[in-house]
Amino acid sequence: MIESRLISLLRKTKSVTQKFSLSNSREWKTFSTPCGFSYEHQSRFYSALPRFIPAAKTPAGRCVGYGLRSLLQNNWKSCYKPSFRNFSTVASVSAKDTGGLKLLVTAGPHAQKAVGIWLFVSAAWVFSMVVLGGVTRLTRSGLSMTDWKFTGGLPPLSDEEWLVEFDKYKQSPEYKRVNKGMSLNDFKFIYWMEYAHRMWGRALGIMFALPFSYFLRKGYITVQLGLRLSGLFALGAGQGLIGWWMVKSGLEEPASEYVEPRVSPYRLAAHLTSAFVIYSGLFWTALSVVMPEPPAESVAWVQGAAKVKRLALPVSILVGITAISGAFVAGNDAGRAFNTFPKMGDTWIPEDIFSLKPLVRNFFENTSTVQLDHRILATATLFSIGGLWWSSRKLDIHPAIRSLIGSTLGMAALQVTLGISTLLSYVPVSLGTAHQAGALTLLTLMILLNHTLRRPSLQLLKTLPSVAKTA
């Protein structure tokens with residue numbers, strides 16, 4: 001009799017498991033297990049045992065119930081082995097009972113994956129915008145379009161329309177002083193470069209706004225995430241205005257007839273820095289969506305990560321400052337001066353580094369000072385990342401963190417090599433673009449490293465052993 005009821009119970013257990021695994025993830029209050037149960041569902045199941053086994057009221061029935069409960073618990077323990085080695089964290093955690101962990105997407109793993117992919121694609125799109133902007137600048141295409149509309153428009157489609165645009169460009173200082181006598185075909189090339197850069201940015205706005213509206217409507221996005229993404233979207237919309245504000249400075253007559261027309265280095269730095277901020281915000285948020293918890297398998301590894309974090313944060317700030325100094329190098333066209341290394345011409349330090357008054361202008365407008373600053377900052381960045389790698393060698397840290405630090409050091413060395421090669425080659429388009437992309441790649445690795453070094457939630461910390469188990 002007991003055997004037949006036990007068989008019936010197991011069949012009902014299977015149906016209950018399927019029901020629980022398909023239930024709305026919003027109702028889950030703790031981590032779901034790979035076996036299909038959460039802690040709450042287990043307690044409900046165990047409390048319902050007397051209804052499934054009436055004989056449980058007798059001593060023999062209670063023995064069967066307790067035995068089955070013990071069997072299922074041992075089964076569950078063997079199934080549920082949380083692993084953070086692959087940066088994986090189950091998304092089915094409610095923000096109400098997570099020991100300090102607050103998820104940005106609480107509609108389940110499917111929603112988490114969809115929002116994460118969307119944000120990673122958006123970040124990659126911004127990355128491509130930065131690279132395309134570098135190509136546009138290096139090919140001297142940025143001043144080819146002399147007007148701007150927020151919504152954009154169609155390019156010239158007839159010979160007459162092309163001549164109208166060409167006539168507008170002929171009125172600009174760049175044509176008069178740099179490109180005088182340019183053919184219509186040459187103008188079309190630089191026009192298409194600038195037009196592609198602008199329209200690629202507008203396409204990014206549409207690609208971001210439509211999924212954002214959809215996810216809001218579906219209830220995938222929390223208030224915290226919604227506010228953060230709204231801020232990034234507003235900054236992206238303002239980026240177009242900053243870009244035109246930058247271009248407009250290059251359409252004005254220079255102060256002297258001997259000065260080559262170029263955009264303001266301050267405005268170019270603001271444009272590039274804004275792009276870096278948008279990219280960093282999108283990338284960090286995407287990581288937070290798909291990886292709510294950092295990789296951690298022991299308290300010792302968490303403590304080691306905290307030590308690394310104290311060093312990684314100032315190094316990250318240095319990487320950012322070096323990238324911004326590169327924008328001033330580009331804005332002053334300083335890469336085409338002092339094309340020697342390690343010396344700057346015949347000296348280590350040029351004599352005119354403080355020739356401008358007031359003194360602070362030299363750090364942003366003086367070609368010699370701007371390039372010297374960038375050389376010093378780049379070298380300091382390389383040695384700082386090298387010091388970070390050296391300091392972490394004997395620390396007890398997660399293998400993923402150790403691998404990230406090594407990759408960051410390798411990227412820093414490559415970036416310095418690209419910078420020196422670009423300088424010695426008189427800034428060709430290919431190397432200049434690679435150097436700008438390398439700066440953003442290095443920043444990406446530093447963001448990933450800092451995100452991985454976060455402190456785990458209190459709930460996860462309570463479950464960690466003192467020392468990680470090694471195979």
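Each residue, glycine too, has its Cβ placed from N, Cα and C.
According to TrEMBL, the feature transmembrane segment maps to 115-135, 199-217, 229-247, 267-290, 311-331, 374-392, 404-427, 433-453.
Between the transmembrane segment (433-453) and the transmembrane segment (267-290), three or more CB pairs separated by 6 or more residues in sequence fall under 8 Å, so the two stretches touch. Relative to the transmembrane segment (115-135), the listed stretch 267-290 leads the set 229-247, 267-290, 374-392, 404-427 in CB pairs under 8 A. Just going by CB pairs under 8 A, the stretch in 199-217, 229-247, 267-290, 311-331, 404-427 that sits most against the transmembrane segment (374-392) is 311-331. For the transmembrane segment (267-290), same-chain residues at least 6 beyond its ends with a Cβ under 8 Å from one of its own Cβ atoms are 87, 104-105, 112-113, 115-116, 119-120, 122-123, 126-127, 129-130, 133, 137, 225, 228-229, 231-232, 235-236, 238-239, 242-243, 245-246, 249, 320, 323-324, 327-328, 330-331, 440, 443-444, 447-448, 451.
Long-range contacts of the transmembrane segment (404-427) within its own chain (CB-CB distance under 8 A, at least 6 residues past either end) are made by residues 138, 308, 335-336, 338-341, 378-379, 381-382, 385-386, 388-389, 392, 434-435, 438-439, 441-442, 445-446, 448-449, 452.
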